[in-house]
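Engineer: Have a look at this one before I ask anything.
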Amino acid sequence: MKRMQETSFLFGSKAFLEALDNQLQIKKVNLSDKHQKLLGLIKKRGLRYEMHSSQWFHQQFRHINHQEFVCVINPNQMLKTIEQLIQITDSKSTSTLVMLHEIQDPHNFGAILRTCMAAEVDGIIFKKHNQAPINSTVIRTSMGTVFYQNLVQVTNLSYAITTLQKHGFWTVATTLDERLKPKDYRQVDFDKRILLVGNEDKGLNALLLKNADLKVKIPMNPKLNSLNVSVAVGIILFGWKS
């Protein structure tokens, strides 16, 4: 299926409680005496935990807003397979998915996830390699929305596109290359669509562009070459919703 890194950190009690609400397995909880109120819940759940001093947290997680409460989880448990995503969307007459090609910046990844949640996207598909993993930065930037979304990690985006096309999805690729004659994104009128967006610097590769059913762009001031990828995703998704 898919493998991300084996561990990731959650910072703060809010993220911990969200993880419990979503029935995620927590490997260990590191906390200080200031979180005594949660110690009873931790013991009741039978979770492994360690008590640490404030100094320990500041040494281990320098420059991070750790709140003296850090959980260790396996992020792989948040992932679904492409088959599970198809099961979710097959019964829907309309559906929007987002597919990411090698997004490198975890802040961009997290911001995209947050936007996808707000825009009621049914699933986000991303690569196993050359892609920012789901880590503490992504979780924090997503404002915890990562826990509530259908996330699919694949080794081959082209295969995922072909599979989803067989289930009624049309692939809409973003590009800045005017030679490809991209249309205004507002002209898209597919009931089931995949928004395919590329790497922050290189965009989409030739194969993905070839496999796309339609190429689109965001009309903008000609003095501007491009937008931040997370901003572009937001503009298109909410443009489609309206």
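Positions of Cβ are set from backbone N, Cα and C atoms, glycine also.
What Swiss-Prot records for Gly198, Ile218, Leu227 is S-adenosyl-L-methionine binding site.
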Engineer: What whole-number distance in angstrom separates the two most remote CA atoms of the S-adenosyl-L-methionine-binding residues Gly198, Ile218, Leu227?
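Structural biologist: The two farthest binding residues have Cα atoms 14 Å apart.
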Engineer: Enumerate same-chain residues with a sequence separation of six or more from Ile218 (S-adenosyl-L-methionine binding site) and a Cβ-Cβ distance below 8 A; give 'none' if the list is empty.
Structural biologist: Thr174, Tyr185, Leu227, Ala232, Ile235, Ile236
Engineer: Out of Gly198, Leu227, which of the binding-site residues has the smallest number of neighbouring Cβ atoms within 10 Å?
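Structural biologist: Ranked by other Cβ atoms within 10 Å, the binding-site residues Gly198, Leu227 bottom out at Leu227.
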Engineer: Taking the center of the Cβ atoms of Gly198, Ile218, Leu227 at the recorded S-adenosyl-L-methionine site, which other residues in this chain have a Cβ no more than 8 Å from that point?
Structural biologist: Thr174, Leu176, Val197, Lys217, Ser226, Val229, Val231, Ala232, Val233
Engineer: Which secondary structure state does DSSP assign to Gly198 (S-adenosyl-L-methionine binding site), in the simple three-class scheme?
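Structural biologist: Where Gly198 (S-adenosyl-L-methionine binding site) sits, the three-state DSSP reduction gives coil.
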